[in-house]
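**Q** Dumping what TrEMBL says about this protein:
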- K942: ATP binding site (BINDING)
- 913-1188: domain 'Protein kinase' (DOMAIN)
- 1198-1230: region 'Disordered' (REGION)
- 691-723: repeat 'ANK' (REPEAT)
- 724-756: repeat 'ANK' (REPEAT)
- 757-789: repeat 'ANK' (REPEAT)
Amino acid sequence: MSGPLNVSTSVVAVLQLAATATQYLKDIKHGSADRSRLRDELRITVCLLEMLQDRLEDSNDLPDSENTRMPQSISLLGGADGPLHLFRQVLEEIVAELAPQDKFRQLSKPFTWPFDKKKVAELLTRLERSKSHFSLVLQNNIVDLVRLANLKLDKIGDKVESSEAKSRDSDSQKIINWISSLSFRSRHVNVLDSVQPGTGIWLLEHATFRDWVKSKTGTLWCPGIPGAGKTSLASLIIKHLEQEPPQENTFCSFIYCDYHQRSAQTQVALLSSMLQQILQSYSSDVLPSEVVTLYNQHQKYKTHPTLAQITEILGKLVSTFETFHVVVDALDECAESEEDALRFISAISSLGSSVKVLCTSRSSSVFDAYFSTASKIEISAQQADITTFITACLQDQVRLSKHVVKDASLKEDIIGAIIQESQGMFLLAKLHVESLSRKISRKDVRLALKTLPSTLDATYSDALERIYSQDSESAELAELILFWVVSAKRSLTVQDLQHLYATRELSDGDSLDEDDIPDGDILTGVCSGLIIVDEESQLVRLVHYTAQQYFENCHHTRLLEAKMSLANISLTYLTLSNFSSGFCTTDEAMSLRLKQFPFLLYASKYWGSDLAELDCTDIGPRIEKFSSEAAAVEAVNQAWSLKTRKFQHTNWSQEFPRHVPVLVLISAFCLPEVLQYLVSKGHKINARGSDGETALIRSAGFGHVENVQALLRLGAEVDAQDHMDETALQRAARVGNETIAKILLEKGADVNMKAASDLTALMSAVSSGNLEVVKTLVEAGADFKAETVWGDSALSIATRSGQEGIASFLFDQGAILPKGPAGRRASIIASRKGLHQLVRKLTANYDAVADKPLERQSSRLMEGLADIQETEQVASDTKTEETIPEQTRTDSRTEFLDDMEEIGYNIGFHKRYDLLQQLGKGHYAEVYLCANRVTGVRYAVKVRIFVSQASEKQRSAELFREAKMMRFLQRDPHPNILRFVDLFAEHSFEKTYLIMELVPDGELFNYIVLNTRLSEDESRKVFLQLFSALEFLHDQGCIHRDIKPENILLADKENLVIKISDFGLAKIIGHGTEKWEWVTTLCGTPSYVAPEILATDSKRKYGFPVDIWSSGVVLYICLCGFPPFSDELYSKEFPFTLTQQIKTGRFDYPSPYWDPVGDPALDLIDSMLVVDMEKRFTVRQCLEHPWMREAVPQILAEPIRTESPEPMEEGEERRNAPFQKRSLISDLNK
């Protein structure tokens, strides 16, 4: 074995060789994408080796007595088969192949990438192995250093280390990778690599920066103009803080924000990345237990940590550092709004007193106000830095370096001219150097210096000229890529560009093969620095937003040509034989298709977007040919129908109408000539798919006036209705399109035709808020008095929605509010919105009555006077009903409708869904299977039932609460919570339809009945998910209040995948688990309610712990088959009612039912069924309990039985009580 000194010498030699290999990979600009992957992996491996070198140098400085105790892992680096030797072999192979190619590059001769894909894969595998070796040595070294320093591990840490030491290395890396998908280390390495050595020193030596570094706390803001070099300076700051920490026990975390990644840069994502950076500094076998528990909780069921969870753990870890630096680059590109970006900074600052923040950003009034008390350094490109940068460029550029060598004064001329024209922007300096790099003679250089563009537009024009000065093939390629990027409807990725270019030479019906795909680096490397590729997302964008403005203003004709090219290639792509199998029948198949053919989404959604302004005479025949391929049409229809949000819920790929005709499909774009051509070729003008939508209806909805005019000329049915009985006029009214509404009316559209629930075009126009459309319909004879099945009119809808101008107009035209609840409700809601003048105008004048004194009236008999019966509500273990007077019933209906308005609902359930067989029945509702009549996708629907007037208000409130809660939770879906789909209501107020995802395998209750009980492994599977969902709910500030087996559904009984349902009693009580309000309502299911819920009214108050109690009861039932509390236990020997049992926590674990169950499970139940809610476990404690781990140590899993238990103290319960016959759930249901 080699000693530390010999190993250190070997490391230095290998690092020198690695620098050579890295430089070769960096200099070859036009290699394949494999070059980038190889280069990045090499850099990361070198980074680990450099850290090892630091450790070795530190060890050489130790006294001999300590040096001899260095860990064996260091010495194992050397040797003939050691990690250093293996890494050196990889480097030598790379250098041997690339050295000749580099010579070709310097001589400006053509070269070829020497490695095929198989060889690259082999090299990457060997590099990965080297990384693992070096990482392992580092981790072992950290542990030994801790031991050398006599740092004591606490007892818990010792237990964790002893019980989980096996296979921890690989598991820890999995956890670290899982924590966050936003890794900024590679971005940092890339940025730092691009920084010219010697630049940025002015900032590191700035007095304000030094003061910030030395201070204990504080914020430093570094604003600057675009292109000033803020990101490069941020990378230098990060390097400085990492390599020269100002104090012991410090850490530097960093974030590189990107404008094009704003949607992914959420608070939880960025904070998770910071947590990941901390964990990467840990050795593999000492990851914090909270992190391991978090991983075990979420990973199995593919969930992600919540903001509260990440913040809590991150705060704990930050507190262990004396100073915690956070560097945030480009704060202005962090989020959709500056306010959201500043909320992220506030979240960082709140992590602890040791946090110090440094931000770079563009200036703005919002940032100025926020950072008014912070230290500040203005960022601009310093003259010295530009000089250093240009000097280095003159040495690297082959032609410029030769010119300067022959004429020394030329160097000073170049530097002076560029500094003068750069205006403090490195961006301009780089572009200017690029513009000079191709000049053939010194005279050409000097002439160019005199005409250096002084504006961005002129600089871009100069860059474009350089593109055209390349060889014809490269110039043509560059022009294609550049103008595709500029003219695309959304940002294109490198993969999009690859498929675009590969398809340009194909014909309709051809197949796209892997060999057709060009190299991405080649495509993006010919644009003279005008485009940038994001390393992580692979999105391609222009170098600056001003470049987009330049091309739009100065190259309109070329942009039109690029748009035509995009449209033609997109259409060719859609006709590829690769899609001849038709639409994908599963989410998995659709995911695979989108992965293999990434341009499909763009092509489907945007192929016809620009054709209205282009010459598209040849498009008609191509679409006619495409329409003959029914399977391909269905595939395009499916892709076009996909929502743009992230695909995550079940059946996301199947929610689209079937059999949509080509004529309807292309009506989403304004292509009247194409529509006319297709009709002339025999396409039926009124053809429709499963949603009943015709070409006219879709064109009206998208606002395509020319389409509507052409279709009407061709004989389209003006009053055709879709599956919701909506016509083109109603669609146009709903989107507020006055022009199309007038055209349809002129062609005889029925202005009073009714859609689902008797909605009219006038009501739809009111909902759109467009007064001009309302006036158009009124002039055409719209019926003011028409009412929906709810009793609403156009005037009541306008009044209720606060459309004061529309309501006044309708009233002036003679409309009146409808009689009954709808009219009264509209006026009440308008008053609440402050529209008092409007309400006085629309309602009866009560002033005369209000001014008169109240007069006594004599008794008289009035027929129809409703009896009013008052009842006292009594809280008990059973549910009681109260009789509600008729007036109260009317008020409850009004209140119910107000609530429905708040959460949003649809009408016309039976128009959209087919109601199939019944799935279940409860006290308040029946659950049915239903199928979407358009897509065929099946769901579950809860139909609310009213048994009597007395129950209506209570049940309305429960429905409202459940629908509102499910919609709230759907904003950030959890896989173990039932997904909300839609809400419908009927005019009778007797039926409301809550549509949810279909969970096919029924309730956990029935599963227990069928199987008598669950094993410990099965119960653990269920409760990992249940606790995960509960923690998510509690983090959202929500308590469920009715956890029981009937409300836990099985999505997959084979794998015991569950979903929590029934949120009728759920309630928001706070914002997270730290601060919440007490709840006092008596509710729940008797056998599952917590003791605090059963307290007397004056003492009743509870919160999140009630869900833990109910879950404890469910866990008890899962493991034995019967509940811990039951009325049937009542006897002379056990004289306790159900309520008394719960209040005093009287339960036991009777033999033989509990004999097979290990003590860890019993211990968890004991911790959950604690009467004192302050001492009851939290969800987090439940998840961290040993029983919840995947593999409980055998010594804990074995039941521990005591033959002669010690006498119990008063109030203490024995774990294994004597045998007593109990009724299983399965027995009770026979």
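Here the Cβ of each residue, glycine as well, is placed from N, Cα and C on the backbone.
Are these features on the surface or tucked inside, and what touches them?
**A** Within the same chain, residues at least six positions away from K942 (ATP binding site) with a Cβ under 8 Å of its Cβ are A925, E926, V927, Y993, L994, M996.
Residue counts for the repeat 'ANK' (691-723) under DSSP (helix as H, G, I; strand as E, B; rest coil) come to 17 helix, 0 strand, 16 coil.
Non-local neighbours of the repeat 'ANK' (724-756) in the same chain are 692, 694, 696-697, 699-701, 703, 705, 708-709, 712, 718, 762, 764-765, 767-770, 772-773, 776-777, 780-783, 786, 907-908, 911-912; each lies 6+ residues outside the stretch with a CB under 8 Å from one of its CB atoms.
Under DSSP, the residues of the repeat 'ANK' (757-789) split into helix, strand and coil as follows: 19 helix, 0 strand, 14 coil.
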**Q** Per DSSP, what is the residue tally for the repeat 'ANK' (724-756) in helix, strand and coil?
**A** 18 helix, 0 strand, 15 coil
